[in-house]
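Student: The structure follows.
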Amino acid sequence: MFSGIISFCSFESVMKTNAEVTNAGVQLLDRSLPLKDRFRALFLLRNINGKDSIDWIVKAFDDSSDLLKHELAYCLGQMRNVYALNALIEVLSDDSQAAIVRHEAAEAIGAIGDPLGSKVLEKYVKSPISELAETCQLAVKRIAWLNDADKNDCFLQGRFASIDPAPPFPCEDSPTSLKAMEELFLDEEAQLWDRYRAMFSLRNMATESAVSSLAKGLFCQKSALFRHEVAFVLGQLSSPVAVQCLQKVLANTKESGMVRHECAEALGSIATEECKQTLRRFLYDPEPLVSESCEIALDICDYMEGSDFQYASVHS
């Protein structure tokens, strides 16, 4: 999820006019444009977070790019606007959509957190598509947690603003040592919800040791969903410590495209010359999720090296 690893300006600092929102929407839907330009338009619409921008984003769900459609769903979830809920439910319920798109729609429903979303999510918690079933299980738990009046809100928030599929542990319940957190994170017999909470607790530590612990999760065997989330978190941390592990997984053509694409995104956020060389090598990978991710990741690298004020932008 590219928009989860890029720092965005707030709507107040951008102050886009209705005409500019329309311009961004038109650019998002223009299939003749390079995918990277359409992603920039999407991220601008995400920043604005109004009904008009949501309407434009929803119109793009008939696109041919599964990467773009999964990012549409992710952005709608991060916007946390209940106005998008019905559209996300429709995408989740659409068997013709790719698993990665439906998974992201389910996660977005969990991110919005409306209890009405749980009723739809419950229908898919035993889906034969493991990534979808696991996502719905996590999203149901997140909504229940979010609406629990007795929950403890004391969290190690760190510097990350993303709406995550599970919260880190509350301060008083969190294992005190990195070793204990790593053990839970890597325990493939533990509940996925608890492993995710350990994952985000490790992320919030944001130390090299924590990055090394997280990178081990890329090689856990049971859940592709888990591995893809690990790659996303490593992208948020943008630490060169993770580069070799991310490269190894990206190069593994037997790995799920969902996981490989997230590794490409993470390498784009780290943006070293070594990362860029790796991304160029997979720019024409036969898996569209991977090749398109490399295209967007290289564009993010260019942005990070440039002088642009923000990544989210459109052509005038």
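Glycine too: its Cβ is placed from the backbone N, Cα and C atoms.
Straight out of TrEMBL:
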- HIS70, GLU71, HIS103, GLU104: Fe cation 1 binding site (BINDING)
- 84-124: repeat 'HEAT' (REPEAT)
- HIS228, GLU229, HIS261, GLU262: Fe cation 2 binding site (BINDING)
Student: Can you give me the average pLDDT across the repeat 'HEAT' (84-124), rounded to a whole number?
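Tutor: Averaged over the repeat 'HEAT' (84-124), the predicted model reaches a pLDDT of 98.
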Student: By a 10 A CB contact count over all chains shown, which of the binding-site residues listed here is most packed: HIS228, HIS261?
Tutor: HIS261
Student: Near the Fe cation 1 site, what residues other than HIS70, GLU71, HIS103, GLU104 in the same chain have a C-beta no further than 8 Å from the centroid of the listed C-beta atoms?
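Tutor: Output for this site, in sequence order: MET1, ASP66, LYS69, LEU72, ALA73, TYR74, ILE100, VAL101, ALA105, GLU107.
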Student: Quick one: pull the CA-CA distance for GLU229 (Fe cation 2 binding site) versus GLU104 (Fe cation 1 binding site), whole Å only.
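Tutor: A Cα-Cα distance of 12 Å.
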Student: Cβ within 8 angstroms of the Cβ centroid of HIS228, GLU229, HIS261, GLU262: which residues besides those meet this for the Fe cation 2 site?
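Tutor: Near the Fe cation 2 site, beyond HIS228, GLU229, HIS261, GLU262, sit MET1, ARG227, VAL230, ALA231, PHE232, MET258, VAL259, CYS263, GLU265.
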Student: Round to the nearest Å and give the CA-to-CA distance linking HIS70 (Fe cation 1 binding site) with GLU262 (Fe cation 2 binding site).
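Tutor: It is 12 Å, counting Cα to Cα.
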Student: Can you tell me how many other Cβ atoms are located within 10 Å of the Cβ belonging to HIS70 (Fe cation 1 binding site)?
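Tutor: Neighbour count, Cβ to Cβ under the 10 Å cut-off: 26.
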Student: Under DSSP, is GLU262 (Fe cation 2 binding site) helix, strand or coil?
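Tutor: The three-state answer is helix.
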Student: From the DSSP assignment alone, can you count helix, strand and coil residues within the repeat 'HEAT' (84-124)?
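Tutor: The composition, in the requested order, is 34 helix, 0 strand, 7 coil.
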Student: For GLU71 (Fe cation 1 binding site) and HIS228 (Fe cation 2 binding site), determine the Cα separation and express it in whole Å.
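Tutor: Per the Cα atoms, GLU71 (Fe cation 1 binding site) and HIS228 (Fe cation 2 binding site) stand 14 Å apart.
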Student: Can you name the residues of this chain that are 6 or more positions from GLU104 (Fe cation 1 binding site) yet have a C-beta less than 8 Å from its C-beta?
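Tutor: When sequence neighbours closer than 6 are ignored, GLU104 (Fe cation 1 binding site) has MET1, LYS69, HIS70, GLU71, ALA73, TYR74, GLY77 within Cβ distance under 8 Å.
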Student: Write down the Cα-Cα distance for HIS103 (Fe cation 1 binding site) and GLU262 (Fe cation 2 binding site), rounded and given in Å.
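Tutor: Counting only the Cα atoms, the answer is 14 Å.
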